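Below: one structure, written as structure tokens.
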Amino acid sequence: MKAIVFAYHDIGCVGLEALALAGYEIQAVFTHSDAPGENHFYASVAKTAAGMDVPVFAPEDINHPLWVNRIRELAPDVIFSFYYRTILSDDILQLPSFGAFNLHGSLLPRYRGRAPVNWVLVNGETQTGVTLHKMVSRADAGDIVAQSVVAIDDEDTALTLHGKCRTAAATLLAQQLPLIRSREIALTPQDDSQASYFGRRTAADGLIDWQKSAHEINNLIRAVTEPYPGAFTFLGERKVIIWRARVVKNNRVNVNHPHGGDAGSIISTSPLVVSCGEDALEIVSGQSEAGLYMSGSRLAAEMGMVPQARLGNLASRVQRRRTRVLILGVNGFIGNHLTERLLRDDRYEIYGLDISSDAIARFLGDPRFHFVEGDISIHNEWIEYHIKKCDVILPLVAIATPIEYTRNPLRVFELDFEENLKIVRDCVRYNKRIVFPSTSEVYGMCDDKEFDEDTSRLIVGPINKQRWIYSVSKQLLDRVIWAYGAKNGLRFTLFRPFNWMGPRLDTLDAARIGSSRAITQLILNLVEGSPIKLVDGGAQKRCFTDIHDGIEALFRVIENRNGQCDGQIINIGNPHNEASIRELGEMLLTSFNAHPLRDRFPPFAGFIDVESSSYYGKGYQDVAHRTPSIRNAKRLLEWEPTVKMEQTVAETLDYFLRTVDVPHTADATDTQG
């Protein structure tokens, strides 16, 4: 059986060796180049493959069409992935005749995602394991071939637990690979209701919160001790790395040093014991940032620790300057939800401008949120000053409702292109990073099954179809921004939302004048008891994305770890939530009829079909489907949407129904005056 292998880490080497022993013909191995600065404590897949005389490659983007075509030419029977760090596209997963299989370091469906060995220790689990499963478009979600349980002991660290998982993986593969080769496997679907997902960990995640229990802190230390960067805290401004520790119960702590409520206080220095939110922690070994590995008591002496001194978070003493984010259009749908997400992270400070503040009123008292009421076409000097002052610029102001494209095409062009071009040029002038909202509309009438940021054609209609003014305005700005990046070094990311929806999307008043998104218009029809108008029968399909999924992806774009989003175009949508507008209406009706406030509103008036020209006006043209490829989002952001459409529809409907002022109807218990 011909196999293509994607592998990294020790488990990758174990997988290669197991395949060779099972008699597979390994056609090629794809791995990663070792990242500079990363502690490489594990064996090399490249060296293992070279020892087998197997071709080995380390492409920067394995999902690029060039690599997909090269793999297609090899015509593999099967694909295996062993700890490969990049999510493989559907184009690759569909190539092998017998499917693709992944070995994951947990007992799926629990601990999907990255760093499962570290996360199970952080969370205090008593067992984990390895799972061999079929690969599908959603990471770690395919049917299970087999699993092997690994017990977690109290003294296990990430390194020792990884060794246990490596042994379990070798045994599991020795059992299952011959069955796959003979095509005799049995598959068990995963129970998604039991699934949990965890993202990648960074060195910063090792910061100790002394308010937690000693048991929880010790779990963190075990999870990130050598060869990982280690758990750490601060004595004043000096970093202290803790490599080993043990829990000290309350009844074993010196009664002269009560620690309840004094989390982070040093109780004694020999041994070095620190109070926690519950119990205390003895530091067995550690080091200062520039020092040597040593015992806890010697570390205390070297750093001048004394009883009752406090260990804690450097950020509470020496505040690193927060990233300043300028959001133009901060009161809009994306703007206000993004503000909420950024304010949950202490690293960000937000400056916002908009013509109103109803949606962001809840943030106005936050000291990290600065708002000015104004218009981007008027407040040019304020905008230029704040572009100079801020680090990341998000110009979210645009006319983005279809009826306006035909009703006010010149106004759409003036605002969406001309005013935003000024902002782009200021970002170039002051060397600021811009995160620009492109749109799924730029793909126009593209006939690809999935719209790909890097390969899909951007096709629009004839000039007399003014409906395309929005699409071409955005597309032209995309091209200008790209050119500024290539010629002037502008740091940018273009993100393309695909039909985001959720609470605070529009207002029902906007729907009353026809200037809203589809779901808001449909909700207005239900609230008022008017017929739901389905343009051209509502057959057009869209992929609807929950606002919380979308905002989490956008937050990661702003975060931009290791600069990986610079110069990139990223679709942000949910290809699994595809539905026609008619299906959206039917889903809304079902949720509406089940809502506890249903009896306050008129009876449903039915669906009626209308022609697009009569609804949107002359010059309108629609598209049959709009489905995103999200391979860039998966690769660059380690992001995948999770919220089902039914949940989003229900939450959006609930939000609007609770904003409607319905006259009170007296019942039998009311007093008649």
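Note: Cβ is positioned from N, Cα and C throughout, glycine not excepted.
Quick look at what Swiss-Prot annotates:
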ACT_SITE  HIS104  active site, proton donor
ACT_SITE  GLU441  active site, proton acceptor
ACT_SITE  ARG626  active site, proton donor
BINDING   ARG114, VAL136, SER137, ARG138, ALA139, ASP140  (6R)-10-formyltetrahydrofolate binding site
BINDING   ASP354, ASP375, ILE376  NAD(+) binding site
BINDING   ALA400, TYR405, 439-440, ARG467, ASN499, 533-542, TYR620  UDP-alpha-D-glucuronate binding site
REGION    1-311  region 'Formyltransferase ArnAFT'
REGION    321-673  region 'Dehydrogenase ArnADH'
SITE      ASN102  site 'Transition state stabilizer'
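Features recorded in Swiss-Prot, as mapped to the structure shown.
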residue: ASN102; record: site 'Transition state stabilizer'; Cβ within 10 Å: 24
residue: VAL136; record: (6R)-10-formyltetrahydrofolate binding site; Cβ within 10 Å: 16
residue: SER137; record: (6R)-10-formyltetrahydrofolate binding site; Cβ within 10 Å: 18
residue: ARG138; record: (6R)-10-formyltetrahydrofolate binding site; Cβ within 10 Å: 17
residue: ALA139; record: (6R)-10-formyltetrahydrofolate binding site; Cβ within 10 Å: 18
residue: ILE376; record: NAD(+) binding site; Cβ within 10 Å: 21
residue: ALA400; record: UDP-alpha-D-glucuronate binding site; Cβ within 10 Å: 20
residue: GLU441; record: active site, proton acceptor; Cβ within 10 Å: 24
residue: LYS533; record: UDP-alpha-D-glucuronate binding site; Cβ within 10 Å: 16
residue: ALA539; record: UDP-alpha-D-glucuronate binding site; Cβ within 10 Å: 15
- Just how spread out is the NAD(+) site if you go by the largest Cα to Cα distance in Å among ASP354, ASP375, ILE376? 8
- Note on the structure: In chain order, residues whose C-beta lies under 8 angstroms from the C-beta of HIS104 (active site, proton donor), counting only those at least six residues away in the same chain, are ARG112, PRO116, VAL130, THR131, LEU132, HIS133, ASP140
- ARG114, ARG626: which of these recorded positions has the highest Cβ count within 10 Å of its own Cβ? ARG626
- Task: Mind telling me which of the binding-site residues ASP140, ASP375, ASP536 has the densest Cβ neighbourhood, counting other Cβ atoms within 10 Å?
- Result: ASP140
- Residue among recorded positions ARG114, SER137, ARG626 with Cα closest to the Cα of LYS533 (UDP-alpha-D-glucuronate binding site): ARG626
- Message: Quick check on the binding-site residues: of SER440, ARG542, whose CB has the lowest count of neighbouring CB atoms inside 10 Å?
- Response: ARG542
- Task: Please report the number of other Cβ atoms within 10 Å of the Cβ of ASP354 (NAD(+) binding site).
- Result: 24
- Task: Specify all same-chain residues, apart from the site residues ASP354, ASP375, ILE376, whose Cβ lies within 8 angstroms of the center of the Cβ atoms of the NAD(+) site, ordered by sequence.
- Result: LEU328, GLY329, LEU353, ILE355, GLY374, SER377, ILE378, HIS379, VAL397
- Message: Could you tell me the mean pLDDT the prediction assigns to the region 'Dehydrogenase ArnADH' (321-673)?
- Response: 90
- Of all C-alpha pairs drawn from the (6R)-10-formyltetrahydrofolate-binding set ARG114, VAL136, SER137, ARG138, ALA139, ASP140, the farthest apart lie at a distance in Å of 17
- Proximal residue to ALA139 ((6R)-10-formyltetrahydrofolate binding site) among recorded positions ASP354, ASP375, ASP536, ARG626 (C-alpha distance): ARG626
- Message: Please report the distance from the Cα of ASP354 (NAD(+) binding site) to the Cα of ALA400 (UDP-alpha-D-glucuronate binding site), rounded to the nearest angstrom.
- Response: 16
- Which of the three DSSP states, helix, strand or coil, fits ALA400 (UDP-alpha-D-glucuronate binding site)? coil
- Message: Need the DSSP three-state call for ASP375 (NAD(+) binding site) to compare against my parser.
- Response: coil
- Item | Nearest-integer angstrom distance between the alpha carbons (Cα) of GLU441 (active site, proton acceptor) and ASP375 (NAD(+) binding site) | 25
